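K.L.:
Quick one: this structure, given as structure tokens, is what I'll be asking you about.
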Amino acid sequence: MSMYGRDPWGGPLEINAADSATDDDRSRNLQDFDRAALSRPLDETQQSWLLGPGEQKKKKYVDLGCIIVSRKIFVWTVGTLLVSGFLAGFITLIVKTVPRHHHPHPPPDNYTLALHKALMFFNAQRSGKLPKHNNVSWRGDSCMSDGKSDVPSFIKDLVGGYYDAGDAIKFNFPASFSLTMLSWSVIEYSAKYEAAGELTHVKEIIKWGTDYLLKTFNSSSDTISSIIAQVGVGDTSGGSTTPNDHYCWMRPEDIDYARPASECHSCSDLGAEMAAALAAASIVFKDNKAYSQKLVHGARTLFKFARDQRGRYSAGAEAAIFYNSTSYWDEYVWGGAWLYYATGNSSYLQLATHPSLAKHAGAFWGGPDYGVLSWDNKLAGAQVLLSRLRLFLSPGYPYEEMLRTFHNQTSIIMCSYLPIFTSFNRTKGGLIQLNHGRPQPLQYVVNAAFLATLYSDYLDAADTPGWYCGPNFYSTDVLREFAKTQIDYILGKNPRKMSYVVGFGTHYPKHVHHRGASIPKNKVKYNCKGGWKWRDTTKPNPNTLVGAMVAGPDKHDGFHDVRTNYNYTEPTIAGNAGLVAALVALSGDGTTKIDKNTIFSAVPPMFPTPPPPPAPWKP
């Protein structure tokens, strides 16, 4: 009987039962083999055949709980980790202990250095109870009784705000313009303020001003009938000897004479400018939702008042002597543009781009002062502001025609700033005469420098290399160069080698027309006339009014550092606001650009949202 199995090598395997043997038989049969053959040495392969798997050398393993690994691999892994950790720690120790050579940051440019100082001027102009960190040692709390008597019932107090210039009058018209300019510069160049370490400071300066503006009208109401135009009196015509802010020469901290508040019922220009200031500031403080909304509400109320009760704030008022407003139509365009950006309400844009409004504001005709931005005329600023809308959002119909007009007019204004054109003369030293040789030129120059730099940055951000003046094309670099030459003149690059910013450089005015800076803080209270000796002395001011930009030189580059001649030596907050804006725009190494989007935060999409795409086709 036989059994067949399959041979793994392909052939049949036959097992004969008769030939099978027990284990004992096989064991005995081994004795019959040739013992000489067994005595030969066996190679490894033969040994492995004879020994079988049970007698091979066993591997050792390590049980890690969740996995079993070879002990050899485990030892190598742990060893490698320990050695790597030691090396990493050793290298770290060397890096931390060996002295390193830091590459110093490049020194700040002149514009950044001047910016620090120009902002400090606003600290010196603060009225009311000063904050602890005001950092002007010779200033203290002042005029704490403002608005406590003879004011409308809706006025709780008028403490705070800013003194306008070298006196202690608080004029809302130029102060509001100053705040609008500062806010505009922060909206466009917040990254540059941040890089200079001044963003918090400039926002504090703005808020100090807007907090005060909110006190000067019934800001909680939707409709108002009057606002406060100024606090203090300065008229000394007719030989009046009544103590007031111009007749007397006193430190603000020592003022003891009456400071009446002037109320205005028909003041479209003032109302619209205050609205612009609050609207622009609401964008600056958009992260503080409650305060931003408070500012927007106040701006809406003021603009409604400005539209409903027509009139110039300075008509028949003392303000006409110092800050006479020539029109309110430019404030309508300016205020309407800012309210549109602050609210996104298209009714404000419709108003700002209305042809008849633009016509009354003078957008379609030139004139000797066309293109000159100032506390009185904001048309040039409004045109640049609305050109921004066309460059970046291009809203189209029904706004396109007027926006294109404003854009074209802006191009013409920029052309007028260039030396090749003769719209404005220049001094031999290179200062553009935007006020045609009249006194106090620098306040207009800094505003133009800001607009030129800003518009240049707008074009760069819109990937536009330049603009046309007639048939000739000019690059954006030309605008920036214009701004630099003008600011460099102010900072000392002029025939007199004098810096017109106090505290910047080594040669600057020492007899600034300013009461607080000219009277020593020596615990002596000088009365109304007692301070005249400090006004008339030829000695330098005992206190340095850091950052103050004085009125400036005459049309021959001449300058008289005389305290009593305010046409040369008096600074103003409106002038310094333009200076700050121009300096921050020019500061830095050129890598930080404008913030294209923040100003549009409240602006809704210009076009309706497209419908969703259809569902995919299915057979």
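Cβ from N, Cα, C; glycine included.
Per TrEMBL, the feature active site maps to H513, D561, E570. What TrEMBL records for 111-583 is domain 'Glycoside hydrolase family 9'. What TrEMBL lists as region 'Disordered' is 1-27. Per TrEMBL, transmembrane segment is recorded for 73-95.
Buried or exposed, and what's around them? Tell me for each listed feature.
P.N.:
Non-local contacts of H513 (active site) by the CB criterion (under 8 A, 6+ apart in sequence, same chain) comprise A165, G166, V550, R563, T564, N565, Y566, T569, E570, P571.
Taking the Cβ of D561 (active site) as reference, residues of its chain lying under 8 Å away and at least six apart in sequence are, in sequence order, P509, K510, H511, Y568, T569.
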K.L.:
Using a 10 Å radius around its CB, how many other CB atoms surround E570 (active site)?
P.N.:
21
K.L.:
Please give the average pLDDT for the domain 'Glycoside hydrolase family 9' (111-583) in this predicted model.
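P.N.:
A mean pLDDT of 96 is what the model gives the domain 'Glycoside hydrolase family 9' (111-583).
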